[in-house]
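Engineer: Annotations for this protein, taken from Swiss-Prot, read as follows:
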type: BINDING; residues: CYS980, CYS1026, CYS1028, CYS1033; note: Zn(2+) binding site
type: DOMAIN; residues: 441-500; note: domain 'FYR N-terminal'
type: DOMAIN; residues: 504-586; note: domain 'FYR C-terminal'
type: DOMAIN; residues: 1022-1038; note: domain 'Post-SET'
type: CARBOHYD; residues: SER947; note: O-linked glycosylation site
type: REGION; residues: 599-1062; note: region 'Interaction with PIP5'
type: ZN_FING; residues: 591-647; note: zinc finger
type: ZN_FING; residues: 609-660; note: zinc finger
type: ZN_FING; residues: 665-698; note: zinc finger
type: ZN_FING; residues: 722-785; note: zinc finger
Amino acid sequence: MACFSNETQIEIDVHDLVEAPIRYDSIESIYSIPSSALCCVNAVGSHSLMSKKVKAQKLPMIEQFEIEGSGVSASDDCCRSDDYKLRIQRPEIVRVYYRRRKRPLRECLLDQAVAVKTESVELDEIDCFEEKKRRKIGNCELVKSGMESIGLRRCKENNAFSGNKQNGSSRRKGSSSKNQDKATLASRSAKKWVRLSYDGVDPTSFIGLQCKVFWPLDALWYEGSIVGYSAERKRYTVKYRDGCDEDIVFDREMIKFLVSREEMELLHLKFCTSNVTVDGRDYDEMVVLAATLDECQDFEPGDIVWAKLAGHAMWPAVIVDESIIGERKGLNNKVSGGGSLLVQFFGTHDFARIKVKQAISFIKGLLSPSHLKCKQPRFEEGMQEAKMYLKAHRLPERMSQLQKGADSVDSDMANSTEEGNSGGDLLNDGEVWLRPTEHVDFRHIIGDLLIINLGKVVTDSQFFKDENHIWPEGYTAMRKFTSLTDHSASALYKMEVLRDAETKTHPLFIVTADSGEQFKGPTPSACWNKIYNRIKKVQNSDSPNILGEELNGSGTDMFGLSNPEVIKLVQDLSKSRPSSHVSMCKNSLGRHQNQPTGYRPVRVDWKDLDKCNVCHMDEEYENNLFLQCDKCRMMVHAKCYGELEPCDGALWLCNLCRPGAPDMPPRCCLCPVVGGAMKPTTDGRWAHLACAIWIPETCLSDVKKMEPIDGVNKVSKDRWKLMCTICGVSYGACIQCSNNSCRVAYHPLCARAAGLCVELENDMSVEGEEADQCIRMLSFCKRHRQTSTACLGSEDRIKSATHKTSEYLPPPNPSGCARTEPYNCFGRRGRKEPEALAAASSKRLFVENQPYVIGGYSRLEFSTYKSIHGSKVSQMNTPSNILSMAEKYRYMRETYRKRLAFGKSGIHGFGIFAKLPHRAGDMMIEYTGELVRPSIADKREQLIYNSMVGAGTYMFRIDDERVIDATRTGSIAHLINHSCVPNCYSRVITVNGDEHIIIFAKRHIPKWEELTYDYRFFSIGERLSCSCGFPGCRGVVNDTEAEEQHAKICVPRCDLIDWTAE
């Protein structure tokens, strides 16, 4: 093995095998030195060697060790030559490893001296099941060169079979060979993950094999199987376990196969012999290629180096000639404090000026861990481009074009107003980093059509395609056609497909003549018809039909979009896009990703579907009713979403569910949260309304329609650089904690999901004549947020432990009567003394939920209840054709008896249970009863219901004028108990002009779970205890927040008048 280091250098002349020195030699002749030519070249304090350049030959020398007892002499005459003078230093050998005398000698003295760490490797790295690779102690590791040193191998063999004795004990002969025999006797039918070679193998042999593909962005292996192969495209189809399909090229991916040796022999497969790292780079080959380059003391243009910029990892780059930069701003500034180098990075193709000390040779960087410190996909591309440069000494086409067109790029960037640093980014210590923004043309000639750029397939609008053609955004082509001024001459026309800046969803076709005149239209034919009409006017009267046939071509044909080759290219462009949201996260080598940098979708499981998705409030008003999307079931206020007309039970869909919405759900440009109430922005993107409300720089152009969202481009640059502390995604704009001394950042919707947002705080201190209310939006991090009584989900519900009967002591009877006590007429619904409440609370500890199910003659015991839970009853899903509120209401009335059942509740009395699973947003049941006035309801409660001992009062207040009395009439909905953490909520809906109180599912409700909702009992003088048993229980049924707000008098200052004494 060859090892290189900068610590110690010695000069060694190689054995002269030819009469004249040669510049390049076979790598095998260099590393395959006879054992008689081994030299002892150990130095004190280091065992890593590096050879200097000998004349024109610059090849790395392998490290040799002198082994005691091996019979190898360093003073052999074969090492001498007339052309090369051998200077051998024989320093004293330093023992770097020591063992106690009583312990047996290790298997190999060489391993004893330099190998102390052993780790197992996979089958794909070497063609052996139980082989071990050894790591050397020191500042640098042994670098594999693709072949083992013959000299070191012979040393190991001599030590293994020499039978040397130490301390009276001899090693058993052939022990290593026996261990190797055991390793080779592994089961031939056992399957292991291996890497296979693709050279000389039938492509169909891989079909049916189980594989796993490495995704660099996720740093994970995803398992699947090979299900097909396209010979025309030379791509394999991989079907992952999650059901996603993807077409990949084996040479561009990191793939392992689960096969056995028998299957490999049957399918004629071979192991991958090259040493490939986890990043997919052929490390050994790059080391050999870099070692064959001449290493000079000074760097010259064209040399490949490792360059270091402040704040970035070591990156492969090529030194660029100073003459190509011209008048480029930023790069023509010399770095102070020494010499500088102008480099261009592989992969990113950026230009930079760095100091000389910040660049090291490529071979030194490979031998150090520089290539292992970066896992970015661009770095992988850069390493592949660097490898191709080492092989063919030719730069990638884009790098060459950027170097040749440096002047044009510089002029474009100098005139750009988007770059705030005159085309360059200034770094520390005078470094300059320039990112080229010029798009490199993709040139493809088809007949007289020159395609410059294929563009990209648009997925967020359905207007960029029709039944026969696809119009990629950014498509650019050129062709020669009859001139506008002279029909006998030809002119060059440039054709482009862009996005209309006004509609943001429709394409705009532009044809530019050589004179600079542009013809725009919504279709290709609209543009070319204008050109045809112009040419016809210029034609002479004596030859009107000369160009008649040429002027009849369709606009699509002139653009080239109807050409079969162009159609195939566009189809391949659309097929190259991943087919699922999981595949969209992948960023492989050689692929261009449409996802913005740092983006990762965040999905929030909202627990409060009864609240508005915009303002996050659950109050509903007469002039601001709730609207629920009949497709995605999102809940918003009508005014919060900009809906001016009531739907009255008709079908209502949000912007993303309506016909004409984007095919793929758009992502918010302000946060990575998926879904929610979104509106278009003025620049053609989408954003959440909640994000636009919380971010200070954004606003709404039309407050009534709540769209479009404006000010996205005015958001502070520092806000885009913040990383959310909740989701950990660096994409989007973040807000910070409202505490003056806190700088914790998070996305608005992430903070809302975590309970960090204080939605509204009224500020009535208005100045001047305007009386508009100002609302402060406050949010606090976990450290500074106020103590909240927010309840946990139903999965965190705590079941009370059942007490033993012997531990229960009944309260003392103050009257002394052993049987009864007088009825307390001042109490409501029976006894309200503390003793009675304590007895009732203790009694509930023994109560279990027991739904009433008709099942013949059988006792409903606890075991029967468990069997009900375990029974497999098919879930009743709402039919997909039912969308409108009226249809859902009709379906709920017809099926609620099949879906719900009453029974004994563990909370209080009887309750309602779900016989089938329900989804969030489903209509559960309607609360029906007798509609009375509030005054009638109060009299009935005081005069009739309070005198009925053991009976409950079931009143549902709709508003200040209407109350539903379900005590003696109505459905079983009045049996639904209260809970501080409910799984349902109540809403008033309007169907065909009539109002109905509906109980909706707030979340997914499993089978046989009890239905609960928040009563929000409002009473200033009376308190009702709660027995829901949740950790966040308020302790009372009363709506404490509403009572506190009612106790405060809040009046705007504009409504106040000066008091004058009468």
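Even glycines carry a Cβ here, placed using N, Cα and C.
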Engineer: What residues in the same chain, six or more past the boundaries of the zinc finger (665-698), come closer than 8 Å to it by Cβ-Cβ distance?
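Structural biologist: Answer is 460, 499, 501, 504-505, 599-604, 613-616, 632, 634, 636, 640-642, 654-656, 706-716, 719, 727, 729, 731-733, 735, 747-750, 752, 757, 777, 779.
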Engineer: Per DSSP, CYS1028 (Zn(2+) binding site) is which: helix, strand or coil?
Structural biologist: coil
Engineer: Have a look at the binding-site residues (CYS1026, CYS1028, CYS1033) and report the one with the fewest Cβ neighbours inside 10 Å.
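Structural biologist: Comparing Cβ neighbour counts within 10 Å for the binding-site residues CYS1026, CYS1028, CYS1033 gives CYS1033.
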Engineer: Could you tally the C-beta atoms, other than its own, that fall within 10 angstroms of the C-beta of CYS980 (Zn(2+) binding site)?
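Structural biologist: CYS980 (Zn(2+) binding site) is surrounded by 21 other Cβ atoms within 10 Å.
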